[in-house]
Ligand code: EPZ
């Protein structure tokens, strides 16, 4: 199993290129099967979730290769409509293949998706959207079976701006006959980019990135070539790591516009920023100040950065308040921070974090993807050695968090069973 070892506090200084977006590329991979033609996506991160989605596409008969960040998908030979349970159980975003396979083949079946244990994560909005487009869907507790002789445009109203459900609706609607209007759509940059990707395939999608998206269905789509943006959540994690290391770090390959609310909150915490077109530089000179923040759908503060922010605030000069409104199970990592000496109280859906000058090192467990990354942030500010185990969670979304942070001088390395002799 892979573990991460952090030697303790070091002032960070350096430049880190930010990997491509996990949550951007995964729905694009699903969308690529909406055509028989080959699609090429560049700036693709070599992460477990991408490998998992590649495994699903290959199982279904698609050609799929990833070399040097360039992902080539050949969907011409797609021959199955049942998604492989082992892969689906590993990753929540496999569910968006339901809409894509249904739109292409008229039927699809899948187990319920797995992924991070951060809350109940139902899929009722996904199924509501597909039914609105004309799909007949049966659930038997373990599996979902969908059929649609013919998908027809519809008006879809989401009670909550669900990212995944918006993606599923889009992937089914682009091949549905007529006009679909998605009201209450998610506005995340990943949605805006998926709409641009679909239009690159010859679809006609308007309003991506707003709460109302209109799709004019097409009979056929074509392959395309597309570069996925930098990962805003990985970038936000590294901004917080740089602040924990009281240093100055330049992140390259990320759009500051995707981090507006994050930068606003981190400025309140005492950071200074310089913004470029495709870069963000952060520097931490003064004290780390406490903040109050509430997560929410984009453009509010992202739930995926709630744990990393908590990890940073464990060493702030005062008490911070964090309210998580998206996933009810996302305070779990607080128990791990406490093993490093953090003072955190979770009461009535709100975490109160009272900082201390520094944490002590210790041995902690990554409980989910962003919680694991948050432990890295906390470990960088700790006096003494920190070991993080169950790091397979982190590898789902971070190409190489140790390599990246070492570029800024962090004392951090992998400890893997099979690669003991080779220092990463
Ligand atoms: C996407 O998950 C991201 N994953 C998550 O990132 C991210 O935290 C989340 O959006 C919110 O931004 C990917 O893009 C692969 P939602 P998703 O549907 O689509 C409820 C990471 O760390 N809901 O927007 O699953 C749901 O329970 C991951 O990279 C329903 O009730 O999120 C939650 O409370 C973690 N019914 C809220 O909506 C539904 O049918 C937001 O979920 C769907 C969702």
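Quick reminder: no glycine exception, Cβ is built from N, Cα and C everywhere.
Automatic prediction, not curation, is the source of TrEMBL annotations.
The domain 'Enolpyruvate transferase' annotation in TrEMBL covers 10-404.
Cβ neighbours within 10 Å of residue 23 (phosphoenolpyruvate binding site), excluding its own Cβ and spanning all shown chains: 23. The phosphoenolpyruvate binding site feature in TrEMBL is assigned to 22, 23.
Taken from TrEMBL, the feature UDP-N-acetyl-alpha-D-glucosamine binding site covers 92, 304, 326. Long-range Cβ proximity for residue 304 (UDP-N-acetyl-alpha-D-glucosamine binding site), meaning a same-chain Cβ under 8 A and a gap of 6 or more residues, is found for 233, 236, 370.
Just so you know, the Cβ of residue 116 (2-(S-cysteinyl)pyruvic acid O-phosphothioketal) picks up 22 other Cβ atoms within 10 Å once every protein chain is counted. Residues annotated as 2-(S-cysteinyl)pyruvic acid O-phosphothioketal in TrEMBL: 116.
The annotation active site, proton donor is assigned in TrEMBL to 116.
The CA atom of residue 326 (UDP-N-acetyl-alpha-D-glucosamine binding site) is located 14 Å away from the CA atom of residue 116 (2-(S-cysteinyl)pyruvic acid O-phosphothioketal). Excluding the listed site residues 92, 304, 326, the same chain places 116, 118, 163, 303, 327, 330 with Cβ atoms within 8 Å of the centre of the UDP-N-acetyl-alpha-D-glucosamine site Cβ atoms. Between the binding-site residues 22, 92, the minimum number of other C-beta atoms within 10 Å of a residue's C-beta occurs at 92. Residue environment of residue 326 (UDP-N-acetyl-alpha-D-glucosamine binding site) contains 19 other Cβ atoms, counted within 10 Å of its Cβ in all protein chains. In the three-state DSSP reading, residue 22 (phosphoenolpyruvate binding site) counts as helix. Inclusion criterion for the binding-site residues 22, 23, 92: a C-alpha placed within 10 angstroms of the C-alpha of residue 116 (2-(S-cysteinyl)pyruvic acid O-phosphothioketal); this criterion is met by 92. A Cα-Cα distance of 12 Å separates residue 22 (phosphoenolpyruvate binding site) from residue 92 (UDP-N-acetyl-alpha-D-glucosamine binding site).
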